[in-house]
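Engineer: Got these off Swiss-Prot a minute ago, pasting:
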type     : residues                                                                  : note
ACT_SITE : CYS407                                                                    : active site
BINDING  : 49-50, GLN127, 173-175, ASP193, 239-240, 260-264, 270-271, TYR319, GLY489 : NAD(+) binding site
Amino acid sequence: MEKVKQTIRAPRGTELQTKGWVQEAALRMLMNNLDPEVAEKPEELVVYGGIGRAARNWESYNAIVDSLKTLESDETLLVQSGKPVAIFKSHEDAPRVLLANSNLVPKWANWNHFRELEKKGLMMYGQMTAGSWIYIGTQGILQGTYETFGEAARQHFGGSLKGTLTLTAGLGGMGGAQPLAVTMNGGVVIAIDVDKRSIDRRIEKRYCDMYTESLEEALTVANEYKEKKEPISIGLLGNAAEILPELVKRNITPDLVTDQTSAHDPLNGYIPVGYTLEEAAKLREEDPERYVQLSKESMTKHVEAMLAMQAKGAITFDYGNNIRQVAFDEGLKNAFDFPGFVPAFIRPLFCEGKGPFRWVALSGDPEDIYKTDEVILREFADNEHLCNWIRMARQQVEFQGLPSRICWLGYGERAKFGRIINEMVANGELSAPIVIGRDHLDCGSVASPNRETEAMKDGSDAVADWPILNALINSVNGASWVSVHHGGGVGMGYSLHAGMVIVADGTEAAAKRIERVLTSDPGMGVVRHVDAGYDLAVETAKEKGVNIPMMK
């Protein structure tokens, strides 16, 4: 992959570079994904998650930008794995962009085949929000992480993580949310990363409090704050596959254990034990097969240590990076003895159509986001947990790139909020249109048996019709751009998922599209969980009037 040193930053203000606000939104969000404040390796078009890219290569990126600048408001741009392949006449209510990233026929859906295609320049890895142009930096996963640790606190520690120690690893674009999410819940956390730059970045953005290269210092500080029942987050430089076994050897057991290293990609995402970053990069280039094998062996040691901590009483869970699967394939037959975070903590929210709803101010003006915060505090005042989140986010979350906000809203709430935002754009309360989107990790948009759809009540973990139906209904209902991806979060062969974005530009046409899309999109989450037999989803569907033909 050619590296290009250029600083990409989304335009701000109300001057259009394109022929309409929907096209402008797509252009700005693509560029925002590659803003140095947002992207992990912008010179390689890598946004987050190992090699999750916004475009296939620089030639494709430039062609997408040119296409968006000339795209008419009754045309649709098609993007195939980060490359623009066609512009067709459609209509004004159709999506302006349709994206399909990293999709492979199941028999060939593995990393080896993907890498062959990638080397030939035929495919890219889109992760979830990298290739669908709606990544907003670490805030994008922060509330989900906050909710996860909050639910763990409610289930196991009396509602707060005060006086507890969490041990985790991985401080990249996704995992970087963990330190702040734990301290927001009152706890102490040691977060390990092998790359000093990742820790430095989280400290710079106020997601992590301190840095150390010493395990002794990390433990001393952690114990001191745990005793005082005060929160602190400690970024520890090192390899989790070395540090966790060492802690087991010393009989040190944290209260909570998880992991968000990029274990989904053994070649590009995980560093084997005994290698520096530089040595790992050299081996990766010279002998990728040996690298992958060493990586998998290290992951197995990592999971063995997590299981040992679980056996000693630590609340242990997989945070969706497929590390258990790798260890299982390497012969660790009890790798799945600790659960994934969705069945352990998040599924009830999915049953209510809740998920990581986000919005971005195309103006670039933080005041536009602060005004929308006030809408949440006013319109959803009865949801104290949500309002607390908004207040904390305002105080503690630093914007990356275009100002944005995330919060988990459910069926009915999303459409209500979208309507209000569109009205605020129409009457000039907000200085420019707002982009509304979400993660692919949502209630009805993903099939991922080792993550979002793990341990479904009816055994339908691997049924992948749901994300396809989600993308189809969002497209016909007028989402601004819609994406269908493979392999996000857990790697090739383990997930299919869909994304959508809708632009609130203040027009009446946008109001109608928003109403349709922000009803059907979370509605798919309710429907999917009704179909799987969840009582809470059935209650939600009946209460909200979701039309499900065979619901009992």
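Residue numbers in this text run from 1 along the chain shown.
Glycine is treated like the rest: Cβ placed from N, Cα and C.
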Engineer: Would you kindly give the Cα-Cα distance separating CYS407 (active site) and ALA263 (NAD(+) binding site), rounded to the nearest Å?
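Structural biologist: A Cα-Cα distance of 27 Å.
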Engineer: Which one of these recorded positions has the most other Cβ atoms within 10 Å of its own Cβ: ALA263, ILE271, CYS407?
Structural biologist: ALA263
Engineer: Taking DSSP as the reference, which of helix, strand or coil describes GLY173 (NAD(+) binding site)?
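Structural biologist: GLY173 (NAD(+) binding site) sits in coil per DSSP, no helix or strand.
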Engineer: When you measure from the Cβ of GLN260 (NAD(+) binding site), how many other Cβ atoms are you left with inside 10 Å?
Structural biologist: 26
Engineer: To the nearest Å, how far is the Cα of ILE271 (NAD(+) binding site) from the Cα of CYS407 (active site)?
Structural biologist: 33
Engineer: Between ASP193 (NAD(+) binding site) and the residue listed as 'active site', what C-alpha distance do you get in Å?
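Structural biologist: That comes out at 27 Å between the alpha carbons.
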Engineer: Would you mind pulling the DSSP three-state label for ILE271 (NAD(+) binding site)?
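Structural biologist: DSSP call for ILE271 (NAD(+) binding site): coil, neither helix nor strand.
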Engineer: Taking the Cα atoms as reference points, how far is CYS407 (active site) from GLY173 (NAD(+) binding site) in Å?
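Structural biologist: With distance taken Cα to Cα, GLY173 (NAD(+) binding site) is 18 Å from CYS407 (active site).
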Engineer: What is the total of other Cβ atoms whose distance to the Cβ of GLY49 (NAD(+) binding site) is within 10 Å?
Structural biologist: 28
Engineer: Is CYS407 (active site) helix, strand or coil when read with DSSP?
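Structural biologist: DSSP assigns CYS407 (active site) to strand.
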Engineer: Enter the number of other CB atoms within 10 angstroms of the CB of ASP193 (NAD(+) binding site).
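Structural biologist: Excluding its own Cβ, ASP193 (NAD(+) binding site) sees 29 Cβ atoms within 10 Å.
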